[in-house]
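Below is one structure, written out as structure tokens; comments come after it.
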Amino acid sequence: MNYLYIGLLIVPLIVLLHRRFEYGLFFSGFLLVALTTYLSIKTPGNLPNLTIHRLILICLVAVWLIEKRKRGFILERKTLIAPLAAVAIVNFISMALSIDVMFSFKTYLSFTLEMFLFFVVMSAGLKQAETGLTLVKFMYAGLLLAAVIGIIEKKTGFNPVDAFLPGYVRRDIMVMDVLSTFPHRILFGTGMAMAIPLALGLSSIESAPWKRNLYLVSLPLVILACYFSDSRGPWAAAAVAVGSMLLFGSVAMKRKIVLCLVAGICALGLKAGVRDTLNAKLQETRDKDSFKGQTYQYRWDLWRVAFNGIKRSLKTMAVGTGVGTGEIKVYTAVLAGSNEVIMVESWDNEFAATLLETGFLGLAMVLVLHFRIIVNLIRAWTVAAPDNRNLLAGIVGAILAQIFMMTNVKMFSAQVNYLMWALVASGLAIGFGARTPAAAVSVRR
């Protein structure tokens with residue numbers, strides 16, 4: 001059955017890519033954020049499975065290489081290829097010196113090489129501001145679909161991934177979680193937190209009132225889906241994203257956000273259950289003896305665990321124990337305050353995991369990369385057409401939300417990672433791309 005599902009998605013993608021490359025980029029943006037990674041083709045031996053995301057990337061790269069000969073795609077200096085390549089090189093060295101080279105190789109393919117290739121293709125394909133705008137719309141549509149699925153799952157218990165995907169069985173610990181199409185509720189919440197500023201930004205670029213209202217009507221859906229993720233991290237990430245919109249948005253956008261906040265506060269006053277839930281989460285976080293308080297402290301303790309894991313030699317201090325090896329080696333942590341010794345079962349801090357797996361050199365490259373991303377997007381915001389600046393503010397907010405969540409969870413979701421890199425490429429195209437009427441790309445023929 002997986003072959004049928006994949007065929008029904010890949011064949012139209014290939015047709016669109018050949019018809020017009022940008023059309024395929026738009027459709028792939030929708031698919032990459034909406035589809036679950038559990039839709040895959042199993043491969044023999046230790047080879048990585050062919051997930052739907054990996055197959056989409058293969059199609060994008062293959063058609064791009066063919067189109068490159070015809071159209072001569074050129075990468076601009078502002079595409080962040082250099083810092084991204086630096087991360088890829090350091091991760092490759094870490095993989096080569098890993099305590100488990102084969103496992104690190106698979107991780108390198110999935111989370112380094114694939115993202116690098118995807119960003120190269122997106123950067124080469126998005127040359128006009130209009131193509132960047134359209135891609136963001138398609139990605140938001142994918143996030144909105146995931147939000148609707150999550151809301152239905154919360155209210156009815158029905159999830160199409162559980163119901164229709166052969167061989168997929170949800171882990172016992174996640175039976176009561178709202179996952180939508182994501183592998184974890186926190187990652188689902190992360191995607192929804194990133195969708196909030198995108199909805200606000202998209203509502204400001206449409207000239208037709210009904211289109212603006214459509215995005216505003218969809219905004220409560222992604223907010224509700226973020227709430228249903230039942231995680232403090234995405235809620236805080238949403239606040240970070242909205243704060244960015246208040247900083248970079250226009251006066252009209254700031255007024256719109258304030259009205260939304262007032263409406264939200266009034267809704268909390270009427271909905272005692274929601275208010276009590278938020279207050280309980282806050283109190284539990286402050287209480288170091290509570291489970292939530294311990295998980296909050298645990299994320300900080302992971303820094304110490306990571307340093308202890310690499311301090312044994314100069315090699316591991318420089319390039320870590322190997323990409324992805326945090327998942328295969330058992331580490332222990334002593335919780336600050338309680339002195340309780342626990343097993344590190346999950347690396348709920350992407351930056352701490354990066355320190356362990358790629359050392360100080362790898363962490364430095366990752367921090368530089370994300371700093372350059374934000375700086376370049378802000379530069380794009382300063383030179384963008386005035387009508388597009390609110391959307392760029394939304395993109396900056398979405399990226400900041402994801403960076404914040406990297407302190408709370410390991411980003412093992414292809415959906416979130418593809419979303420981030422597609423947003424970066426779109427933001428650069430919106431800011432620095434051509435804005436002449438002749439450059440506009442229509443998705444209708």
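From the backbone N, Cα and C atoms, a Cβ is placed for every residue, glycine too.
Annotation comment: TrEMBL describes 221-366 as domain 'O-antigen ligase-related'. Sequence annotations record features per position, and here TrEMBL assigns transmembrane segment to 21-41, 47-67, 79-99, 105-126, 133-152, 186-205, 212-229, 235-252, 257-274, 351-371, 391-412, 418-443.
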Can you work out the mean pLDDT of the predicted model over the domain 'O-antigen ligase-related' (221-366)?
83
Have the transmembrane segment (105-126) and the transmembrane segment (21-41) got at least three CB pairs under 8 Å, pairs 6 or more apart in sequence?
yes
Cβ under 8 Å to the transmembrane segment (133-152), counting only same-chain residues 6 or more beyond its ends: which ones?
22, 25-27, 29-34, 122, 126, 158-160, 178-182, 188, 191-192, 194-195, 198-199, 201-202, 205, 215, 218, 221-222, 224-225, 228-229, 388, 391, 395, 415, 419, 422-423, 425-426, 429-430, 441, 443
Who are the chain neighbours of the transmembrane segment (212-229) in space, where the CB to CB distance is under 8 Å and they lie at least 6 residues beyond its ends?
140, 143-144, 146-148, 150-151, 154, 178, 180, 185-186, 188-189, 192-193, 195-196, 199-200, 202-204, 206, 235, 238, 260, 264, 274
Tertiary contacts of the transmembrane segment (47-67), as residues 6+ beyond its ends and Cβ separation under 8 Å:
6, 9-10, 13-14, 17-18, 21, 24-25, 28, 31-32, 35-41, 73, 106, 109-110, 114, 117-118, 121, 124-125, 414-415, 418
Taking pairs 6 or more apart in sequence, does the count of Cβ pairs under 8 Å between the transmembrane segment (351-371) and the transmembrane segment (21-41) hit 3 or more?
no
Non-local residues, at least 6 beyond the ends, that sit with Cβ under 8 Å of the transmembrane segment (235-252):
189-190, 192-194, 196-197, 200-201, 204, 223, 226-227, 261, 278, 281, 378, 381, 389-390, 392-394, 396-398, 400-402, 404-405, 408
So what's near the transmembrane segment (21-41) in sequence-distant terms, Cβ-Cβ under 8 Å and 6+ beyond its ends?
2-3, 5-6, 9, 12-14, 49-56, 59-60, 63-64, 67, 121-122, 125-126, 131, 134-135, 138-139, 141-143, 145-146, 161, 165, 168, 181-183, 191, 413-415, 418-419, 422, 441, 443
